[in-house]
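Here is what TrEMBL records for this protein:
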type	residues	note
DOMAIN	1-116	domain 'MTTase N-terminal'
BINDING	C10, C46, C79	[4Fe-4S] cluster 1 binding site
DOMAIN	134-367	domain 'Radical SAM core'
BINDING	C148, C152, C155	[4Fe-4S] cluster 2 binding site
Amino acid sequence: MKAHLITYGCQMNEYDTHLVQSQLVSFGAQIVDSVDEADFVLINTCAVRGKPVDKVRSVLGTLRKLKAERPLVIGMMGCLAQLEEGQQIARKFEVDVLLGPGSLLDIGKALESNERFWGLQFKDELHDHIPPPPQGKLQAHLTIMRGCDHHCTYCIVPTTRGPQVSRHPDQILRELEMQLAAGVQEVTLLGQNVNAYGVDGGAKLAGYPSFANLLRMVGQSGVRRIKFTTSHPMNFTEDVAAAMAETPAVCEFVHLPVQSGSNRVLRRMAREYTREEYLHHIANIRKHIPNAVLATDIIVGFPGETEADFEDTLSLYDEVGYDSAYMFAYSARPGTPSYKHFEDLPRELKVERLTRLIAKQKDWSARKNAAHVGSIQEVLLRGDAFSEGFLEGHTRGNHPTVVPKVLGITGAGVHRVRINQATPHMMYGNLIDANGENLPEVPRFAPEAAALVSPLQMA
Ligand code: 5AD
Ligand code: SF4
């Protein structure tokens with residue numbers, strides 16, 4: 001069998017795609033790079049906003065046409081698959097295999113079955129399954145929990161991924177050990193709300209450490225860099241900030257979604273914290289990690305959001321001074337409380353506010369990134385950048401970074417870089433030696449032509 005997998009959505013989905021893909025390989029499947037070569041196409045879906053759902057519809061439309069012309073098995077997994085909305089789409093587009101986020105290990109059964117196979121149960125066995133580490137990659141994801149116990153009124157995730165289930169620390173450390181043996185240098189601990197790790201359904205689990213202590217444990221594994229995503233402010237304790245500060249491998253990067261700066265909107269979103277409480281967490285983070293790089297998620301145009309509410313979000317952005325942000329216009333999702341109870345604002349209003357927020361974010365990211373010019377950063381290089389003659393990677397603070405190739409360093413690795421230029425979305429620098437001197441660059445064949453495409457010129 002030749003299988004092709006397509007992934008939408010978050011890092012959790014990337015992890016899940018890797019998990020299912022490695023199952024397929026263990027059944028003898030060959031993974032191919034395009035739909036044209038494949039006899040099984042599996043789409044890992046996201047349901048968090050309308051756009052990723054539309055995207056899935058359009059890909060399925062193309063696949064259904066292909067299926068009319070030649071043998072093709074169509075599969076759909078992930079968050080959308082779990083919803084009635086997704087199942088309707090699956091029926092319409094003749095999907096053969098449907099796997100919700102809790103049923104991924106049914107992939108074997110699904111392929112053995114001669115008829116349509118739909119797996120929609122939540123099975124804890126997922127946590128005991130250790131997928132093989134990614135091959136030839138320095139970065140890996142590591143799931144520490146699944147699902148979410150919060151009930152934010154806009155969010156479909158508690159429905160698609162179910163209540164929170166923490167993974168036993170032994171399984172986490174076993175998977176990490178395999179990743180380290182495979183050469184992984186940066187691990188990102190994943191969960192919908194990693195800070196609540198070890199406390200499922202409000203009950204502390206015996207034998208599970210707190211998230212702060214899990215960070216300390218993972219810090220002792222010898223992994224070079226640790227990141228984690230994502231956190232709910234309500235569960236962000238000062239001990240997490242302290243564990244970050246005292247564990248050298250934990251990167252100075254915190255993604256703490258705020259969603260809105262208005263207490264009225266936060267209440268209607270059922271976020272369970274106030275603007276003031278959120279700012280208190282930020283102050284704690286800065287107290288323990290003065291150079292923390294801060295990122296957030298913001299939804300603009302939540303039902304009932306007034307101009308004054310939105311201005312509260314703008315002022316909170318200034319008060320925190322985020323390094324980066326994921327910003328979204330509210331998308332009414334069937335099955336969520338806000339869809340049921342509140343009226344959606346006009347699209348133009350949401351777009352107008354989103355545009356204003358993006359301008360603010362760009363301004364702050366420019367300022368924050370510019371402040372790093374002249375600094376020395378540890379950059380995990382992944383390989384060739386878009387522009388020929390350059391390598392790309394990211395810092396401990398998650399800044400995408402581009403450097404000219406130097407003699408002797410051609411690919412992946414963790415290296416020291418002096419930053420010499422920055423834009424809102426990118427930093428540029430030079431690889432340096434132990435004395436801080438620039439390493440000799442690889443001569444580029446046509447310097448004038450290279451200069452034309454040099455990212456330094458794109459600033
Ligand atoms: N509309 C817009 N954005 C949403 N998010 C979650 N649900 C919605 C929605 N209905 C955003 C939140 C969350 C991120 C993953 O997606 O900001 O943190
Ligand atoms: Fe990830 Fe949420 Fe999208 Fe599911 S709905 S794929 S958890 S972002």
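Cβ atoms are placed via backbone N, Cα and C, with glycine included.
With respect to C46 ([4Fe-4S] cluster 1 binding site), the closest of these binding-site residues in Cα terms is C155, chosen from C148, C152, C155. Sitting within 8 Å of the Cβ centre of C10, C46, C79, and not among those site residues for [4Fe-4S] cluster 1, are the Cβ atoms of Y8, G9, M12, N13, T45, A47, V48, P52, G78, L80, V157, T160.
Counting only residues at least six positions away in the same chain, the Cβ atoms of C155, V157, P158, R161, P163, Q164, Q192, N193 sit under 8 Å from the Cβ of C148 ([4Fe-4S] cluster 2 binding site). There are 19 other CB atoms within 10 A of the CB of C10 ([4Fe-4S] cluster 1 binding site), with all protein chains counted.
Ligand 1 lies under 6 Å from the Cβ of C155, out of the binding-site residues C46, C148, C155.
Residues C79, taken from the binding-site residues C79, C148, C155, are distinguished by a CB atom under 6 angstroms from ligand 2.
Non-local neighbourhood of C79 ([4Fe-4S] cluster 1 binding site): G9, N13, T45, C46, A47, V48, G86, P101, I156, V157, T160, R161, each in the same chain, at least six residues away, with C-beta under 8 Å from its C-beta. C79 ([4Fe-4S] cluster 1 binding site) carries a helical DSSP state (H, G or I). The [4Fe-4S] cluster 2 site is defined by C148, C152, C155, and by the 8 Å test on Cβ atoms against their centroid, the other residues of the chain that qualify are H150, H151, Y154, I156, V157, P158, Q192. The C-beta environment of C152 ([4Fe-4S] cluster 2 binding site), restricted to residues of the same chain at least 6 apart in sequence and closer than 8 Å, consists of Q259, M269, A270, R271. Secondary structure of the domain 'MTTase N-terminal' (1-116), assigned with DSSP and counted as helix (H, G, I), strand (E, B) and coil, comes to 61 helix, 23 strand, 32 coil.
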